[in-house]
């Protein structure tokens, strides 16, 4: 069977890349691998480039974003780039006042706590994200051009994965006004004002979905939705208060029509959240090609929950990056063996790369995964 | 069958209290209820009492501890008191330099990062906790006397639950040097130096176990081990790196011989952790009478995992304390109905009382639980 029989749409130049093939359910010759937060503070070349610029300014600088996005691809030899951004970037594009506080995270000048706040925010036309998305489009274009050049050097196509936060996680930040330990304010709003919560998360779905769609239309080959804090919800509350908006965000990408003469196929959609063990069956019910698995659940157990219709991605504990090499190697072998039961498996960490990681350990890890049989 | 046939040891004066009966597997006339962090910042009388004293100084002041412990019992009419303390108190008694930073949590002057740190800490004789435990013993004695007086007023015995942190959670704080989002440093140490990790957590088990034993010997009727951060471990890692030390901590209480003429029975042992959905079967394999369930899992599903040999405790989402009364009432009914399938059920929140809770909501909640049939 041809890929095109199953999947109507994928960026042509990368459709035969190991990552996209695995995302769409095939088993390439070697297990593809990339790392969440591979572009970032663990790399000295990143720290040098970022010096003097704020995080959010950096995210709107196409030259900086594309260079940062490429750094780990060149250094580690990973199978994909992930678009360098921050989950609050689409909110900033929509005109919401937010800044990133070092050592803390995103902080909003006006938290969304009640009906009036929700009305103020949802009055913003989500189309604004698309209209102000010029720097994002430009950054993706530069990045895919640089990846094309790198693909020639490497002798294999290198796809770009688009990046966005899921509506629940964005809402959790907005409602708290910043990071929090247990996202109580978000759950409080769900119970206090379910209609307001729905309005807010549907709006966030349109913001986040358009941000992803921008990246796909500019040339990204896949999209990953990050619902970092979904694990703070029970399955019942996840189904009620998070899943519908995530579905709506993903639909923005699914509805993109491929250019008629592109020969392009379906854009694979991926999802990741932390502590989502008990949510995996619900997450897998979304219109996804790939479900990311965190390190708090054994991969074989995760497979039981997500089923065989999706590709799994994960799930080495980032703490293993600091373990003796032979301990890490044994764990990598175990995860690769568990992944063989899946439709397809993309190797990743079970969470982002810690800033204090030795980059050489990541490079060795890529080799280890590619050499595994 | 007599209680005494099954259980050799429980504080005599409270053995017929609703809480102790439910803890030991019986079904009292009404569902017992208490709240984690019921003594604390949600109460104006607590904030008034605590004014001008640091948290750790307060924990060593028997008059203050007993009064604070009693406050929620008097105000809300809950079925039990929980000993007011902090999980780092036994570490402080052991001579480790720690302070509580407002808005952050416990901070250690010397984090435990490597073999030399572990050797320094584990060289301290755990017996030190018992030797310096005078203020704890005195606080428990005062508390149980005040509870006895309150029991007369209320017309029903009121037990005191002893309190301690589990070795893994204590180690997570010690290794990070303070609170952290994902306890990476602890998992890093597990992989880097498993023998050092084991030495540290076995020592912490003796510290924590002795702290609990002190409280039981001074008159507490039950003990609860708080493994707040256990949910950051996969089941595999939990079994390897946390469960053995928790078992050792609990054994300190199990080995207490009842005074020959006391007519006292077994001390019920309880456990609570956050985000432990996938660990519940392992947790239930500990020598426990009660397994606490957090709000991230539906109680009926939790029951499938812990089995029918233990009492379950939980699990109202604290966010429900801010929901409209009728929404909260429906959720309470649902949880009580789910709890009927268990051997026995003690109502609690799925996490601690948030500081911003309206105390009247808690008082009403107690009535709601007691009125449920």
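Glycine is no exception: its Cβ is also placed from the backbone N, Cα and C atoms.
Just so you know, TrEMBL annotations never went through curation; they're auto-generated.
For A:37, A:38, A:39, A:40, A:41, A:86, A:173, A:228, A:351, the entry in TrEMBL reads substrate binding site. Here TrEMBL flags A:32-41, A:161-177 as domain 'Uroporphyrinogen decarboxylase (URO-D)'. Residues or ranges marked as site 'Transition state stabilizer' by TrEMBL: A:86.
DSSP assigns residue A:173 (substrate binding site) to a helix in the three-state reduction. Filtering the recorded positions A:37, A:41, A:86, A:173, A:351 for a Cβ under 8 angstroms from any Cβ of chain B leaves A:351, in order along the sequence. Under the three-state DSSP scheme, residue A:39 (substrate binding site) falls in the coil class. Taken together, the residues in the domain 'Uroporphyrinogen decarboxylase (URO-D)' (A:32-41) have a mean pLDDT of 97 on the 0 to 100 scale. All protein chains shown were included, and the count of other CB atoms within 10 Å of the CB of residue A:39 (substrate binding site) stands at 24.
Under 8 Å, Cβ to Cβ, and six or more positions away along its own chain, residue A:41 (substrate binding site) finds A:47, A:355. In the three-state DSSP scheme, residue A:86 (site 'Transition state stabilizer') is classed as coil. DSSP assigns residue A:351 (substrate binding site) to coil in the three-state reduction, outside any helix or strand. Taking CA atoms as the reference points, residue A:351 (substrate binding site) and residue A:86 (site 'Transition state stabilizer') are 16 Å apart. The sparsest Cβ neighbourhood within 10 Å, among the listed binding-site residues (A:37, A:351), is found at A:37.
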